[in-house]
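Colleague: Quick one: the structure is below, questions incoming.
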Amino acid sequence: MAAAASELLTGWFLFGLALLAILIFSWVYVRKYQSRRESEVISTVTAIFALAVALISSALLPVDIFLVSYMKNQNGTFKDWADANVSRQIEDTVLYGYYTLYSIILFCVFLWIPFVYFYYEEKEEDDGNTCSQVKTALKYTLGFITVCAVLLLIGAFVPLDIPNKKNSTEWEKVKLLFEEFGSSHGLTALSFSISSLTVIGMLAAITYTAYGMSALPLNLIKGTTSAAYERLENTEDIEEVEQRILRIKSKCRDGRPLSSRDRRAVQQLEERLRTLRRRERHLETIEKSWWLKFCEAIRPLKIVWGVFFIIVALLFTVSLFLSNLDKALHSAGFDSGFIILGTNLTNPLNMLLPVLQTVFPLDYILITTIVMYFIFTSMAGIRNMGIWFFWIRLYKIRRGKTRPQALLFLCMILLLIVLHTSYMIYSLAPQYVMYGSQKYLVQSNKTIDGQPKNVTTFVAKDCDADAPEDQCIVTRTYLFLHKFWFFSAVYYFGNWAFIAVFLIGLIVSCCKGKKSVIEGEVDEDDSDMSDDELSAYYC
């Protein structure tokens, strides 16, 4: 029992270290993008908290895999302390950890973040008393609470039974997975709500992460245009616009007023001139900065990172394609959510992770790296595209200039994407997520000189769907991902969409030229007040 406590303590100690790193990262990440001029304490704290909770929930995945793997020895036998009661206790600890974090996520998505968002919307429109702003924010937030309540009610009573097919052992195995997860209505309701949010996270991942996986590495490889060259072009544009304004105004030298068409043209040209002069100030700042010289010095390193990221992106895409193809060919079909027990078509990541787990904690490091890679590529996609509602761009995400409302949107999108990350990792490495590095004993007859003898030996074999139920422990993560077969079917088709969007984004990113050295920092719809936050940290 002492050994069990030691193993459990080791896993949770590493989780604690990951928690500390996540809190530091979330604080730096939010502070990096928030507007210094419009910074608000409550929105900053909310954004940091929401992002940290999402990352912490993703950090539970490797802890779950670590604990089920360390219950068994490499020879396929259970460790002395890992009896049935202890194993169930450890599994339940991880499961309760998931439900605690997921309950907090529901609180953030359906109550806290909407309330803070609407509060600041009201604060901008009405400078009246705080009580009135809080009441209005609560009124709008009530709609989100209603949606949450509906999801919980549906989840509590939605049927979990998968359609019955006779004479199929695969169907029987899939059904056992659903039965093992339990039938508590409260936990089922929570699972349904989280799965619904994960579907939204899947859509966000298809939109932003898939594009960011191609845009981020190619931008690193191509680099940015020269600040001096851009400034020269900008100066020429300023002179051209000034001359056009003078030509139009020269029409009224004899006292005649300008026509309405000419007045509109002058107004548009003057707005264009203001934008160009703002660009001039930004380019002058960046051209004189030491940061530009530093970026030029590390240019070879950025190219190396870009090549590495594009290789990783292609590796992920190939692994995801092979995993989805395996489901299409060997799963029980649509009615089971394309659930597959074991792997028939292996992929690079599914082969690599069990090997790394033998040298603890390399697999933990790789999983953390994968999660962070998804976060960075998602952020790259959001920053390049902005936050859109259909064809309307709501907010732009810019370093040091992001409004409080946009920051809340950003963290909610990242929170939903990270929720979907667990299924993405399962899609990339299904065998690893299901069993980790567990092995079980298989009986084998020993032969001597080609003659079978009555000597029975046992050899260790990697856990798969053919293993006896009492010999291999399925992770709580895997069971949680497949609690509702219809969500699994949605995730399956979402993976194909993810691959398609990545390939389209790769083509678009290849066709685009170099980015401006001040890309996204100066737009025509910006106010001149935004220049109060001039920054040299563009590259």
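Each residue, glycine too, has its Cβ placed from N, Cα and C.
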Colleague: Based on Swiss-Prot, do Leu138 and Thr402 face the same side of the membrane?
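Modeller: Same domain label for Leu138 and Thr402.
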Colleague: Among the recorded stretches 48-68, 98-118, 186-206, which has the greatest number of Cβ pairs closer than 8 Å to the transmembrane segment (362-382)?
Modeller: 48-68
Colleague: Under 8 angstroms, Cβ to Cβ: which one of 98-118, 186-206, 406-426 has the largest number of such pairs with the transmembrane segment (484-504)?
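Modeller: Ranked by Cβ pairs under 8 Å, first place goes to 186-206.
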Colleague: Would you say the transmembrane segment (406-426) and the transmembrane segment (186-206) are touching, if the rule is that at least three C-beta pairs must lie under 8 angstroms and be 6 or more residues apart?
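Modeller: Since 3 or more Cβ pairs under 8 Å link them, the transmembrane segment (186-206) and the transmembrane segment (406-426) do come into contact.
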Colleague: May I ask for the residues of the chain that lie six or more residues beyond the topological domain 'Cytoplasmic' (29-47) and have a Cβ under 8 Å from a Cβ within it?
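Modeller: The answer is 108, 112-113, 116, 119-120, 397-405, 407-408, 410-411, 529, 532-533.
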Colleague: Please report the Cα separation of Asn75 (N-linked glycosylation site) and Asn344 (N-linked glycosylation site) in Å, rounded to an integer.
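Modeller: A Cα-Cα distance of 23 Å.
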Colleague: Given a separation of at least six residues and a C-beta threshold under 8 Å, show me what packs close to Asn344 (N-linked glycosylation site) in the same chain.
Modeller: Asp326, Leu329, His330
